[in-house]
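Please read the structure below before turning to the comments.
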Amino acid sequence: MKLHTYAKKAAVAAASVMVVGALAACGNGGDNAKDGDKEKALTIYSGQHTEVTEALTKEFTKETGIKVDVREGSSNELAHQVAEEGDKSPADIIFTEETAPLVMLSEKGLLEKIDSKALDNMDDQYEDPDGTWVGLLARSRVVAYNPDVVKESELPKTVFDFAKPEWKDKVAYVPTSGAFTNQISAMIMLYGEDETKQWLEGLKKYGKQYKNNKIALDAVEKGDVGAALINNYYWDNEAKEKGADKMNSKLYYFGNGDIGDMISLSGAGIVKSSSHKEEAQKFMEFATEEKGQQVLTDTSSQYPLNSSVDTKDMKPFSELNPPKEALDLGEYSDGEQALELLQEVGLL
């Protein structure tokens, strides 16, 4: 699965939707560093889920003794902040939910080359060709469905069919989700704006909107709707807590290269102005090696990109069949175009 070309055009999406925003207040880990150790503490700008960053940094500190200060915000805001700060940025690492912000920083020359020790832990298709950022996790778009409401045999062969009359009030979706917006961007790139608009209009007419993916999954679990368009980790996390046999819903993959099975990456890079580059390189090595990758997948139920790590009860990453074109990440059309289309249709 070649991902490098994602890198180039995805930067356009990142730049288009970037909003200047204040960073969240210093988060977890800042109080752990004593005054005398402050100069040795890594500062990580994280757009990841809090619990994921917490678990990784806690284990890293336990393993290395290196303190970590985390500042949280959206991935785009944080990348924009690094660009604004330039060589005065206090950030040592930037850890993002998507790779497009990393691409933007790399193209501006604001990321340091990662040591080969870390890069060698991963397949080179999941990293920047110049070695300035690396993908750490992957997630797949999926359909969660309730077999008491909809039989698997009744599920469509393409996500486009969910916008048809037979799915009226049976399918949940979250138009405010960043993953949904990314999917729309990919649709525009693959099928054009007109066909994507028709799909959105049909989904608006026949589907049911929800505030977030967790609520959409809950609706499937309760039988309020038959299916929901979500990321795999929402279901996998809940199944891990309850037990898969206790779930009322199941996961469905189109399995035919459909855009409904699209994959996205999360990644990290070292900020070039970092005054703790040795420690930052150690962090990248830890995050890519088996122990760090296991922490990431255990916490997030996303796919580790180090192939030696066990995904346990999740569908094997090698068995996923996403659209090849969308896997070439940065081939997405302009992110602003997707947002504008969502607004035009009345979904935002």
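From the backbone N, Cα and C atoms, a Cβ is placed for every residue, glycine too.
Within the listed segments 42-64, 111-133, 295-317, 318-340, TrEMBL records region 'Disordered' for the stretch 295-317. Through the fold, the region 'Disordered' (295-317) approaches residues 49, 51-52, 55-56, 59, 121-123, 126, 134-140, 232-233, 236-237, 239-240, 244, 251, 253, 265-266, 287-289 of its own chain, all at least 6 residues removed from its boundaries and within a Cβ separation under 8 Å. Counted with DSSP, the region 'Disordered' (295-317) comes out as 7 helix, 2 strand, 14 coil.
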